[in-house]
């Protein structure tokens with residue numbers, strides 16, 4: 001199999017691997033989103049909160065994603081910065097039904113955007129306004145306003161309304177992210 005891998009790489013058939021950081025507060029749906037992006041035969045049936053981080057892989061039409069699913073629990077968020085240097089893209093997940101913690105999500109986003117390993121890089125950021133199926137959720141436009149996303153001028157970003165359990169909105173986001181990554185790589 002190693003020979004076939006090398007041959008496909010030489011012919012340009014091998015998918016480019018990209019490292020993506022999946023960030024957001026605890027219980028926002030990060031692990032559920034990443035699980036749903038994997039092929040159905042590789043998906044976990046039981047999703048448990050991530051402790052520290054986990055590494056997951058999935059493929060799109062032209063890229064191979066290695067995703068660092070980072071715990072969003074308060075005591076683990078300081079670990080995020082150790083992975084910033086190697087991240088080529090960021091998925092930031094927001095629980096759109098949790099208006100009370102939107103302020104905390106904004107604080108964490110601001111900390112991320114101002115970190116020296118992120119601040120001066122044109123790294124694409126995909127925002128999933130998750131849990132749109134819940135009655136108390138706010139629209140992705142409102143999430144964008146609450147997080148002041150329009151103030152992000154030096155990085156490409158996109159926000160998608162999503163329902164991780166049903167998989168709604170996820171493909172739109174991955175397609176956008178893939179386009180952004182390929183634009184940087186070419």
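The backbone N, Cα and C atoms fix where each Cβ goes, glycine too.
The annotation N-myristoyl glycine is assigned in Swiss-Prot to 2 on the grounds of sequence analysis.
The DSSP secondary structure for residue 69 (GTP binding site) is strand. For residue 69 (GTP binding site), the same-chain residues that are 6 or more apart in sequence and have a Cβ closer than 8 Å to its Cβ are 22, 30, 31, 34, 50, 53, 54, 55, 56. Per Swiss-Prot, GTP binding site is recorded for 24-31, 50, 69-73, 130-133, 164.
With a 10 A radius on its CB, residue 50 (Mg(2+) binding site) counts 18 other CB atoms from all the protein chains. What Swiss-Prot records for 50 is Mg(2+) binding site.
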